[in-house]
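**Q** Pasting the relevant annotations from TrEMBL:
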- 40-139: domain 'Immunoglobulin' (DOMAIN)
- 1-27: signal peptide (SIGNAL)
- 146-170: transmembrane segment (TRANSMEM)
Amino acid sequence: LMRPLQGSRGRSVVVGTVTLCLAAGWALQTPGGVSLVVPQPNINATVAQNILLSVEYSCRGVATIEWKHVSSWGTTSIVEWRSGNYVNISTVYKDRVTTFENGSIQLRNVGMRDAGYYFVTVMEEHGTNAYGTIIVNVYEIIYEDLHFVAVLFAFLAAVSAILICFMWLCNKSLHLFQKKTTHKLTASATEEIELETIEC
């Protein structure tokens with residue numbers, strides 16, 4: 001009596017496992033579901049640079065991708081497009097945005113106003129959405145600082161040149177002074193020898 005019970009229990013576990021696997025496979029094959037990966041959530045850029053807001057989405061159906069920019073100046077819609085179909089770029093970004101099939105966008109010639117949060121939404125046709133955020137920091141190239149460094153470098157080079165010339169002049173003067181002193185010493189020594197000769 002015990003053996004048939006254990007066999008039926010084992011068979012029911014196998015049947016349950018197979019049923020779960022089939023259900024999981026069926027769920028994966030049904031339409032719907034979207035995933036989104038943001039490989040670089042923080043981007044640092046300088047003014048006039050081109051930046052790539054990179055994402056990668058996967059979707060079983062047709063997806064609509066939308067990008068928005070949120071900053072202290074407000075919220076601006078950048079671009080919206082459907083994979084394989086239309087692209088609707090905002091007039092503010094008309095000549096500055098390039099879209100890519102994986103959902104990424106390139107933003108050309110960034111300025112200080114382009115700093116902030118970039119939100120991407122991937123909407124799948126069956127109603128599933130995925131969201132991503134990229135923070136962009138834009139820094140100015142401060143030419144005054146570069147100018148100061150250049151002036152400081154030129155000043156130090158000039159001071160170095162003056163010091164080298166001064167040391168050269170000091171060396172020449174010292175050499176001439178030593179020559180004159182040696183000449184005077186030999187002249188006085190000759191006079192002493194002559195005086196001794198006269199006295200003798």
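Here the Cβ of each residue, glycine as well, is placed from N, Cα and C on the backbone.
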**Q** Averaged over the domain 'Immunoglobulin' (40-139), what pLDDT does the predicted model reach?
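**A** Per the prediction, mean pLDDT sits at 94 for the domain 'Immunoglobulin' (40-139).
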**Q** With DSSP helix as H/G/I and strand as E/B, how many residues of the domain 'Immunoglobulin' (40-139) fall in helix, strand and coil?
**A** 6 helix, 59 strand, 35 coil
